[in-house]
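Novice: Take a look at this one; I'll ask things after.
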Amino acid sequence: MKTSYDLTLNIRRYDPYQNRTWVQTYQLEAGRIMRFVDLFRKINDEQDATLAWGSSCEHGQCGSCSVRINGKPMLACELLVENAVNEFGSTTFFIEPLPVASVVRDLVIDTDQAYARIDQVKPYIISPRQPAADGEAHQISPEELDRYVDATRCINCFCCSAACIASHDTFLGPNAMLAAIVRVMDPREDEKQQRLETIYSENGVYRCHSSQACSFVCPKEIDVAHFMALAKQGAITSS
Amino acid sequence: MTSSTAERYPLVRYFFHLHRIKGWPYVVSWAHRISGVLLAGYLLFHVTTLASLRNPAAFENKMQTFAALFPIYVEWLLAVPVIFHALNGGRLLLYEVFGNRRDRLVLNWVMVLSGCYLLLLGIFMALGNQQVSPVFFWSYLALSSVLFTYMTITRLRISGASKGWKLQRISAAFLLLMIPAHMLFMHLDPALGRDAQVIIARMNNGFIKLVDLLLLIGVMFHAAYGVRGIFLDYLASPRARTVCTGVIVLVSLYFTWQGVQMIVSI
């Protein structure tokens, strides 16, 4: 078993002050269980302090370190060097920012712009359904919860949006759709109509072509395409 | 050819890379889209060619061009997007409308059945001597297609999707068997597709006229809605979307009218 790898990282960089894009190559030796965020940090420490990248929790829960590695949208905090070498069969990696929003600098994208699509579907309860009796908490049966609990694990890392066959300019994106579908399936929510109008709008479900790339790349292993198909079928409003 | 041998070719290598980073259904989605655009283009050419049936001599003159070996090979190649688009469309119907989640298995069947169809069609084209009753052939196929269409309509009743989206799926269900059958039927015997008198005699039957009309209207709507969907994926401006929809509607109406006139006037 190899304990370290000689890696070549080709990173797409962007300088907003000069409005210049280029690809910069970094050579580095890395241990097999180092993560890609560790590689970026190692580059900052040892080679180039100007390389900008984003991360927050670094435990696969916040989705802020998403990048495209050899074309595949992934969380840089979850990808180990050894797994990447095995998956791509190479020690050379091309790393780019996600194409879902404009680039602020290097691997950092404008998250406000990306989140604007999520905001459109109002990913919160608008009109809470009243519980059966005053003072009681609303209860969801395990059967009801089973239908959509997987979808609630979405961390909005935008990997699904980046992988989707539809264009990022016209489709709200699989994660925004998922947020809308969750609230339609949620029995605690009374306001369904607004979400249904968004789901069945020209920038909604009609832009999904069931390419299932969203499910394939989802770091939380959510079958996003399954929920999109349920929406098309009309199977999200039965509860 | 093993996958490592195949990966020597740049295009194949690109497909394998796409498969690795986004999965087979993604690659198949692109293939579905490309085959759909190819078939929509061919459809307009096909209607234009058939419109000359009103002048049998001119039609047969045109058909002489397609009797040589190379055009016959090209016709067989055309069956690749036809059968793939039809069967993969069936897979999408099962996934989106009928709730099938054993999609990988169905995808494998799409490939196997496409191969079988191409082989069968190739054999019939090479033999070119098959006899079949048009009314029997189309009664059987139309009944099966109407049944599957009815099942699709039933499943789509609860969907909140737009009428256009639903009609796209309903037309897909109808065309799933009808289009591959149309292609197979036309190549059972060269006379069935190239001899103007044989075609005119067949189309004089009221039932065949009805089948041809349904086929024409179904395929025109399906192609127009599909092409519009691709444009709408990339056009963000509402004005551009309206103009694009208008152009597609006008073009499809013109060609539908050409086809209807031809079918009715024979």
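Glycine too: its Cβ is placed from the backbone N, Cα and C atoms.
Automatic, uncurated: that is what TrEMBL annotation is.
Given the structure is predicted, the values throughout are model-derived calculations rather than measurements.
Pulled these from TrEMBL:
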{"type": "TRANSMEM", "residues": "B:23-45", "note": "transmembrane segment"}
{"type": "TRANSMEM", "residues": "B:65-84", "note": "transmembrane segment"}
{"type": "TRANSMEM", "residues": "B:105-125", "note": "transmembrane segment"}
{"type": "TRANSMEM", "residues": "B:137-158", "note": "transmembrane segment"}
{"type": "TRANSMEM", "residues": "B:170-188", "note": "transmembrane segment"}
{"type": "TRANSMEM", "residues": "B:208-231", "note": "transmembrane segment"}
{"type": "TRANSMEM", "residues": "B:243-264", "note": "transmembrane segment"}
Novice: Taking contact to mean three or more C-beta pairs under 8 angstroms, with sequence separation of 6 or more, is the transmembrane segment (B:65-84) in contact with the transmembrane segment (B:170-188)?
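Specialist: Judged by the Cβ rule, the two regions touch, with the required three close pairs present.
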Novice: Cβ pairs under 8 Å only, please: of the recorded stretches B:23-45, B:137-158, B:170-188, B:208-231, B:243-264, which one is richest in them relative to the transmembrane segment (B:105-125)?
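Specialist: Stretch with maximum Cβ contacts: B:170-188.
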Novice: For the transmembrane segment (B:243-264), what are the same-chain contacts with Cβ under 8 Å, counting residues 6+ beyond its ends?
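Specialist: For the transmembrane segment (B:243-264), the sequence-distant neighbours (Cβ-Cβ under 8 Å, at least 6 residues beyond its ends) are 43-44, 47-48, 50-51, 53-54, 203, 209, 212-213, 216-217, 220-221, 223-224, 227-228, 231-232, 235.
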